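What TrEMBL lists as disulfide bond is Cys146-Cys176, Cys147-Cys164. Annotation source TrEMBL lists transmembrane segment at 47-69, 81-105, 190-214.
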Amino acid sequence: TKCQLLVTSLCVMLLGLSIATLSTVTHYGLRFTLISNVSLDSNAYKVIHHTAFYFGICLSMTLILAALLSSAAMVRESQCLTAMGFFCFALAFCGLIPAACWRYTHSTEVEDSMMDVYDFVYEEVRRNTSSFRRHELTAIHEAFLCCGKHSPFGDITNVENQTCPSDQVHNEGQDCLQEIQDFLKKHMDFVFSLLGIATGFTVYGMILTSFLWFSNHFSSNLYRKGKYVLQ
């Protein structure tokens, strides 16, 4: 059991570091920051962008703390440290379950908000209302390696000619709405696969720490089972 808890703690620590890295990349990545900077206050994306970052950092810190406390409790056979480790695992579990529920109840909210941002910038440039928006649209095209919105008639508007890289215009680059959708789907699938693995290890950590707590509480050291000392 102690060996299993040690391996579980190591895996949980690696998961915590992975979630922290992914949260940082998501928050400061070029594509995400471009959309966040362009989005209006009425758009939900900016709130989701910041909330996801802080949630990921808090979750990663909780998982790392749970792994450290569990390892220390195993070495020192301390009921207090074991209880604290169990509490951290339970706290992480209480954060992971709402995240999973939000994923299925708001499966398209992030995707829709990002595409709404692109639609807004594209229409602003099409109306020639702001040269600043033209620079923003050009930056989005370069970051996502896409070119405008494809017309059902197959023609290219002045927006594409002005804001798309030359190779994307001539080669009929990828439709930006489709590119944003595909990119975000891959990213979200990876994120929630990682959260699913973290949930499994969190539940397993809760089981092991509770077993270790009861073992220490009843003074049943498994390594001494069957061995007697004559006094």
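Placed from the backbone N, Cα and C atoms, the Cβ positions cover glycine too.
Curation plays no part in TrEMBL annotations; they are all automatic predictions.
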Roughly how many Å lie between the Cα atoms of Cys147 (disulfide bond) and Cys176 (disulfide bond), rounded to a whole value?
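Computed Cα spacing between Cys147 (disulfide bond) and Cys176 (disulfide bond) is 6 Å.
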State the non-local partners of the transmembrane segment (190-214) in its own chain: residues 6+ outside its ends, Cβ under 8 Å from one of its Cβ atoms.
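Long-range Cβ neighbours of the transmembrane segment (190-214): 1-2, 4-5, 8-9, 11-12, 15, 18-19, 22, 26, 59, 63, 66-67, 70, 73-74, 79, 82-83, 85-86, 89-90, 92-93, 96-97, 99-100, 103.
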Rounded to the nearest Å, what's the C-alpha distance separating Cys146 (disulfide bond) and Cys164 (disulfide bond)? Just drop the number here, would you?
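Rounded to the nearest whole number, the Cα-Cα distance is 8 Å.
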Please give me the CB contact count at 10 A for Cys164 (disulfide bond), counting all chains in the structure.
21
Measuring Cα to Cα, how far is Cys164 (disulfide bond) from Cys176 (disulfide bond) in Å?
11
